[in-house]
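The structure that follows is given in the form of structure tokens.
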Amino acid sequence: MLARKGLLPDGFLLTRLAEDQNQLNRTRSRFQRARFITKSGSCNVAHKNIMEQGRFLQDVFTTMVDLKWQHSFLIFTSAFLCSWMLFAMIWWLLAFAHGDLEPRDPNGEPGLVPCVTAIHSFTSAFLFSIEVQVTIGFGGRMVTEECPLAITVLIVQNILGLIINAVMLGCVFMKTAQANRRAETLIFSKHAVIAPRNGRPTFMFRVGDLRKSMIISATVQLQVIRRTVTAEGEVIPVCQLDIQVENPLRSNGIFLVSPLIISHTMERGSPLYELSAQSLTSEDLEIIVILEGVVETTGITMQARTSYTPEEILWGRRFVSIMTEEDGRYCVDYSKFGNTVPVRMSSLSAKELDQTRGVQDGGTDVNPQGWGLVRAGRGGFRRGGRTCDSSATQPWYAQSEKAEGGLEQEGQKKKVQLEVIGRQMEEDGLGDMSK
């Protein structure tokens, strides 16, 4: 349908159909995993058996902001109705104690001045309570100077009404201006991919912002959630491991003007170093993506989250380019945002590839653990040397230090030999002069 309408090319449509079919087969073959973070960014954690429920009442404002809209409206309505009913009862008791509710003869003497005029029943007291708290003032009822207690009640009700209005308006404003609303226009690719980049297996996903207003100081953080067992036998059901992000700016900070492909190189020290195409389907892990920044228009710190399970990671595929230059400016085609194309890639893990390259480069059978990539300065790597002892690895700089030490020893030996030769020449010269 999309191809017939011209929204997607036929090639990309066939690619997407193949991905969906592969995804369906992989999903059917495995049981349903529990996600730590859903695709929408919400935390899939249920808190049970909380004994100290009173702690939530110590922070009433945050508790009310976290409530759902229907619960918030119920609390707002109940707060206003309860305050009106409470003060209506107080006004009715004042009128009853002062004798304002007793029937009077309209043709007789006027009698005492009431505390509040035109209050004859509880209904009229309820109407007067609403007029006082919302400052309507229809003019039919008013407080007189006869009862100082009534004036005090009027002041208390006005102050309490202002507090209720302030709290309710603040909750409504905070709920409408929450940072997660801004995250609705931040999109992540449905699938992550693993493809070779600069000769190394690389984990990649795409992120984009649909709004023109920017996210200031945006940073991306990756974490791997997996079940681990320690050496002592302790089972950690949710173990969080950080992943080094290698975006185009070579840091965790990104300039999210256009969609970016965030990558992580699967090298030694990476939690994905031993991940292969075969083990990917059986791995029990989840890669969480956290994007944080400050909203340019409001100045509120926001956070967008998503996650990728093994079923959502495609091996041997790469994202297509979606940016073109037209009429002197860059254009982004979001219809191809999640499209991928297959690439030639080995099904071995990064660790197995390093071991294979180590055997081929050395020409002899060596210990695979002695080979690896060692950081040699900013942005550079050097390959480690082979070790004679299979129990420990030898870094690349050990050989250089050993070589330098040998040169120094040879230099000292040569220096001693020259001094001996000089002494012999001096003795021979003195002998000739004596003769």
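Using the three backbone atoms N, Cα and C, a Cβ is placed for every residue, glycine included.
So TrEMBL lists the following for this protein:
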DOMAIN    37-178  domain 'Potassium channel inwardly rectifying transmembrane'
TRANSMEM  73-94  transmembrane segment
TRANSMEM  149-173  transmembrane segment
DOMAIN    186-356  domain 'Inward rectifier potassium channel C-terminal'
REGION    384-415  region 'Disordered'
COMPBIAS  388-397  compositional bias 'Polar residues'
COMPBIAS  401-415  compositional bias 'Basic and acidic residues'
Who are the chain neighbours of the transmembrane segment (73-94) in space, where the CB to CB distance is under 8 Å and they lie at least 6 residues beyond its ends?
64, 67, 101, 115-116, 119, 121-122, 125-126, 128-130, 132-133, 147, 149-150, 153, 157, 160-161, 164, 168, 171
Restricting to the same chain and to residues at least six past its boundaries, which positions have a Cβ under 8 Å from a Cβ of the transmembrane segment (149-173)?
61, 64-65, 72, 76, 79-80, 83, 87, 90-91, 94, 115-116, 129, 132-135, 143
What are the DSSP helix, strand and coil residue counts for the domain 'Potassium channel inwardly rectifying transmembrane' (37-178)?
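Within the domain 'Potassium channel inwardly rectifying transmembrane' (37-178) the tally stands at 85 helix, 4 strand, 53 coil.
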